[in-house]
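Q: Grabbed the feature section from TrEMBL, which reads as follows:
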DOMAIN    105-239  domain 'Glycosyltransferase RgtA/B/C/D-like'
TRANSMEM  100-120  transmembrane segment
TRANSMEM  148-166  transmembrane segment
TRANSMEM  178-208  transmembrane segment
TRANSMEM  220-244  transmembrane segment
TRANSMEM  293-310  transmembrane segment
TRANSMEM  317-338  transmembrane segment
TRANSMEM  344-363  transmembrane segment
TRANSMEM  375-395  transmembrane segment
Amino acid sequence: MLSIKTKKTLAVTAFCILFLVTRIPFLGFDTINPDAVNWHFRSEQFVVGLKSGDLLKTYQHYHPGVTLMWIIGLPIEIVRQVNPEYRVYDEHNFIFLHQVAKYALVLAQFVLTMITFLALKDVLGWKRSLLTVGLLSFEPFFLGNSRLLHLDVLLTQCVFLALVFAHKYTSTRSTSSIIISGLFSGLAFLTKSVGGLTLALIAIYLLVHTLTKQTIKKALRNMTLFAVTGVGTIFIFFPALWVAPIDVLTGIYTDGLRIGTRRGHDQIVLGEYTDSAGPAYYPTVLALKTSPVLLAGTLVFMVFLVLAYRKSTTHRLGFVLMTSVFYAVYFVGMSLASKKIDRYMLPVYPLFCVATAYALTTIEARIQGWKQKLALCIPLAAGLAYPLIAFYPYYFTYTNPIFGSAENANRIIGQKPFGVGIPELKNLIVSRYGANVGLGFIDKKPMSMIYPNSKLFDIRVDGTKKYDLIVLGPNEVMPENVIQSQLKYKLDYNFYINGLAYWRVYKKDATHVVN
């Protein structure tokens with residue numbers, strides 16, 4: 001018989017291996033999202049600012065994405081110092097540099113995941129802690145986003161860690177927990193400005209909780225320590241604030257308000273184009289993009305929560321209740337904003353994972369006998385394993401099978417191209433049509449990093465004589481100027497990703513020319 005310590009070691013080792021296996025292979029070759037291209041160049045300017053002393057260059061965007069630029073900017077700079085061939089992005093070296101950036105980001109995510117596991121042990125216990133990070137790490141849509149060069153997974157992890165350490169203080173009274181919570185709250189803001197909500201709500205939580213348990217002096221001390229740590233973290237890691245703090249913070253606020261809350265974002269909902277999705281958008285996203293395991297686990301937990309309330313035992317669920325308040329405020333805030341994107345719901349996923357971990361451990365504790373426990377584990381394992389295998393490596397396109405096929409899900413909320421499968425698409429085009437064909441896209445940015453720019457065209461503005469093929473992503477329609485042109489294009493190939501005709505390749509029809 002294996003000892004309990006050995007079993008725990010094996011379980012954590014298996015988790016670490018699976019974490020890396022689902023992320024490292026094919027990384028960099030799977031997706032070149034348009035925002036990734038932007039963050040490559042922003043990170044480049046960030047490093048230029050650090051090297052030249054022009055620290056204002058470290059402010060590149062209202063998000064502001066500072067954590068991501070530190071994570072990917074430094075390793076790429078090291079590569080460039082070692083090998084001068086990589087000092088300028090081009091179609092030949094971009095994939096390698098993209099891999100370097102993604103490896104660095106996945107490593108950072110792995111470190112944050114292990115910190116979460118260790119911190120959660122003191123809050124939820126060992127089993128629930130491992131279940132929580134496991135459910136989160138292998139939730140298909142979350143996993144898909146973790147393979148992107150983007151901000152939302154980093155934001156999710158920093159926010160959750162700030163909440164974990166804030167709650168941890170309530171049981172340990174450890175000053176270090178307040179400091180660490182402040183650190184991750186600051187990093188959350190540096191990742192995306194909406195992370196500032198974490199600073200505000202945790203400060204209020206610490207103030208109220210300490211007031212009910214201790215003195216006013218202690219409450220003010222805790223809130224001040226948290227605020228100083230959070231704000232200090234922001235200033236230390238954001239050099240632009242060293243030279244122009246008011247201008248930078250004003251820019252973050254005004255641009256974030258203008259772009260993030262007032263200006264909408266094009267979406268396709270129930271087959272209709274809209275730039276301002278309604279209040280039902282995010283509930284629909286959560287239902288469509290969340291796995292049946294997580295949805296079912298959360299619903300079961302809610303039943304247990306009602307029973308616990310009736311028995312006056314909800315005090316045992318303090319962490320869940322505390323985080324529920326935060327995520328409810330976040331959800332309402334995101335729903336009120338005009339700009340709505342599916343990945344903006346990622347920060348809510350840790351709550352679902354904690355709830356599901358509670359549900360599973362509660363059910364497991366009530367089951368007697370190994371056969372009954374096996375009956376619980378087999379469908380659970382199958383439900384977790386199937387999407388990891390079936391959707392690899394394009395987890396970003398995952399949709400809940402309850403909604404049927406990928407086409408059915410696409411009719412509910414339209415899938416965006418987002419550069420998914422672009423490297424594979426390029427290889428397919430080269431092998432099928434040759435290396436020198438002119439390509440027309442609606443959004444050519446992802447392909448422009450790995451294909452000759454002289455052969456890439458925007459079909460909305462460039463004449464049809466310039467390109468041989470037109471490539472349309474999911475839900476993209478042929479522009480009117482192409483439809484009315486003398487040259488006609490016919491569908492020649494569908495590149496499927498996880499059951500959806502993701503990229504449609506149209507070839508110039510030499511036999512059909514309108515005079």
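Cβ atoms here come from the backbone N, Cα and C positions, even for glycine.
How buried are these features, and what lies next to them?
A: According to DSSP, the secondary structure content of the domain 'Glycosyltransferase RgtA/B/C/D-like' (105-239) in residues is 120 helix, 1 strand, 14 coil.
Note on the transmembrane segment (100-120): residues 12, 16, 19-20, 23-24, 27-28, 36, 40, 43, 68, 71-72, 74-76, 79, 128-130, 132-133, 136-137, 146-147, 149, 153-154, 157-158, 160-161, 164-165, 168 of its chain, located 6 or more positions outside it, place their CB under 8 angstroms from a CB of the stretch.
Packing against the transmembrane segment (344-363) from elsewhere in the chain are residues 124, 127-129, 131-133, 135-136, 139, 141-142, 145, 152-153, 155-156, 159-160, 282, 285-286, 289-290, 293-298, 300-302, 304, 317, 319-320, 323-324, 327, 330-331, 334, 376, 380: each is 6 or more residues past its ends and has a CB under 8 Å from a CB in it.
Sequence-distant contacts of the transmembrane segment (375-395), counting only residues of its own chain at least 6 positions beyond either end whose CB sits under 8 Å from a CB of the stretch, comprise 22, 25-27, 30-31, 135, 138, 140-141, 143-144, 147, 291-293, 360, 363-364, 367, 420-421, 497-498.
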